[in-house]
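Peer 1: Pasting the feature list from TrEMBL:
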BINDING   Asn10, Glu381  Mg(2+) binding site
BINDING   Lys17, His204, Leu205, Gly206, Asn207, Gly208, Asp279, Met280, Arg281, Gly327, Ile328, Gly329, Glu330, Asn331  ATP binding site
BINDING   Arg87  substrate binding site
ACT_SITE  Asp144  active site, proton donor/acceptor
SITE      His176  site 'Transition state stabilizer'
SITE      Arg237  site 'Transition state stabilizer'
Amino acid sequence: MSARNILVINCGSSSIKFALVNEAQETFILSGLAERLGSPEAVLHWRLGEHKDSLALPGADHRQALSHLLPIVQQAAAGALHGIGHRVVHGGEHFSGASRLDASSLHSIRQIAPLAPLHNPANLQGIEAAMKLFPDLVQVAVFDTAFHQTLPEHAFRYAVPQALYAEHGVRRYGFHGTSHRYVSQKAAQMSGLAVEASSWLVAHLGNGSSTCAVENGLSRDTSMGLTPLEGLVMGTRSGDVDPNLHSHLARTLGWSLEQIDAMLNHDSGLLGLSGLSNDMRTLELAREQGHPGATLAIEVFCYRLAKSLAAMSCALQRLDGVVFTGGIGENSALIRRKTLDHLGLLGLKLDEQANARCIRGIAGAIHAPDHPRVLVVPTNEERQIALDTLALLD
Ligand code: ADP
């Protein structure tokens, strides 16, 4: 049988990211983004091999954008498309792995929507449009939360009245599961270890960031919780704050829930601390020029990340290595160094030259000889979603 092609789709409220993945190739045949959907500026951008192109689609919605994408995909796949994998943010407790999309799984995804009111309805829009356009193709949902369904109860429960869990699903779910799973498997391969007998601390650091303890191929704890706001300092998200901050701001400043939500999700994190940017590249440059806000944002980011990794180590019996991934984890030698500087008690030590070399997609070991492993492993969520889709085709 020749190698199969899977289209991977990730729908946001006004965007669709897509990639055409061939099971035998690490690089994508086709990839791109439709953005500003629903507005006069809606546009489709794609890259096919070395060729880049775009198409203005004024007023297009998800379905119209996908129907314009269809011939481009057919051409790129030379008519051989075998399935579609959809990224879905929240699978609640219902989904502990990928699921074929049919009436019953769609019903469950709809029921989980209150847990992810911004994300799941957008994911569903894409799924429904794709199912209408490609009625004969197998379509699969791959959930950000599913990998973390193996957390033990002592790691996923909040210390709040149990009825909130039993009746309303208030618990820690975790996100970025597709990435944590992909890079922990790669880390085991790179180290000559079986994933079922290996133990990792993973830091996925992008615009959203989270840590994860992975033991024997299973997630045992992770820093995000009921929502992707818990845990680390992120681009514009605060991560952990005192839960009483909400009532404090409401009482003292008269802020509404919407204002507090917007502040914690959109005005905080690296952006809030620095007063400058949510983008780590901008902050690193500004820090070099002595910008105090950028300097502080980087210090807080790294300290809080190190603290989270140390906390995650409680979930492991032993440590085979620490893994950095995501745009920041894969590219920033500075962030990796400053984070590990706080983790001397775990015995971690960098090889500075190796650390400087692992940027722009270069994977590798960056620890000093005779010290615990530290690896840079570029993530590839699209490929993992395609592999999960293929597994359900077989
Ligand atoms: P998303 O979570 O949206 O997928 P990415 O994983 O692409 O995000 O990560 C985006 C982050 O990676 C941004 O903060 C960006 O500044 C950072 N980043 C990308 N390249 C570099 C670099 N060379 N040095 C430092 N940070 C970088």
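Note: Cβ is positioned from N, Cα and C throughout, glycine not excepted.
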Peer 1: Among the recorded positions Asp144, Asn207, Arg237, Glu330, Glu381, name every one whose Cβ is found under 6 angstroms from ligand 1, counting any of its atoms.
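Peer 2: Result: Asn207.
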Peer 1: Give the number of CB atoms, excluding that of Lys17 (ATP binding site) itself, located within 10 Å of its CB.
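Peer 2: Cβ-Cβ neighbours of Lys17 (ATP binding site) within 10 Å number 18.
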Peer 1: Would you kindly give the Cα-Cα distance separating Asp144 (active site, proton donor/acceptor) and Arg281 (ATP binding site), rounded to the nearest Å?
Peer 2: 26
Peer 1: Between Asn10 (Mg(2+) binding site) and Lys17 (ATP binding site), how far is it from one CA atom to the other, in Å?
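Peer 2: Their Cα atoms are separated by 5 Å.
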Peer 1: Would you count the other CB atoms within 10 A of the CB of Leu205 (ATP binding site), including those on all shown protein chains?
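Peer 2: That number is 27.
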Peer 1: Using Cβ-Cβ distances, find the residues under 8 Å from Asp279 (ATP binding site) that belong to the same chain and are at least 6 apart in sequence, listing them in sequence order.
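Peer 2: In sequence order, the residues whose Cβ lies under 8 Å from that of Asp279 (ATP binding site) (at least 6 apart) are Gly235, Leu270.
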Peer 1: Since the record lists Arg87, His176 as recorded positions, which of them has the fewest other Cβ atoms within 10 Å of its Cβ?
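Peer 2: It is Arg87 that, of the recorded positions Arg87, His176, has the fewest other Cβ atoms within 10 Å.
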Peer 1: What recorded positions in the list Asp144, Asn207, Arg237, Glu330, Glu381 lie within 10 angstroms of Arg87 (substrate binding site), counting C-alpha atoms?
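Peer 2: Within 10 Å Cα-Cα: Asp144, Glu381.
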Peer 1: Where the distance is taken from Cα to Cα, which of the recorded positions Asp144, His176, Arg237, Glu381 turns out closest to Leu205 (ATP binding site)?
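Peer 2: Result for Leu205 (ATP binding site): the nearest of the recorded positions is His176.
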Peer 1: Given the recorded positions Lys17, His176, Arg237, Ile328, Glu330, tell me which ones have a C-alpha lying within 10 Å of the C-alpha of Asp144 (active site, proton donor/acceptor).
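Peer 2: Passing the 10 Å Cα cut: His176.
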Peer 1: For His176 (site 'Transition state stabilizer') and Glu330 (ATP binding site), what Cα-Cα distance in Å is obtained after rounding to a whole number?
Peer 2: 15
Peer 1: Among Arg237, Arg281, all listed as recorded positions, which has the most CB atoms within 10 Å of its CB?
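Peer 2: That would be Arg237, with the most Cβ atoms nearby.
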Peer 1: Going along the chain, which residues six or more apart from Glu381 (Mg(2+) binding site) have their CB under 8 A from its CB?
Peer 2: Arg87, Thr178, Ser179, Tyr182
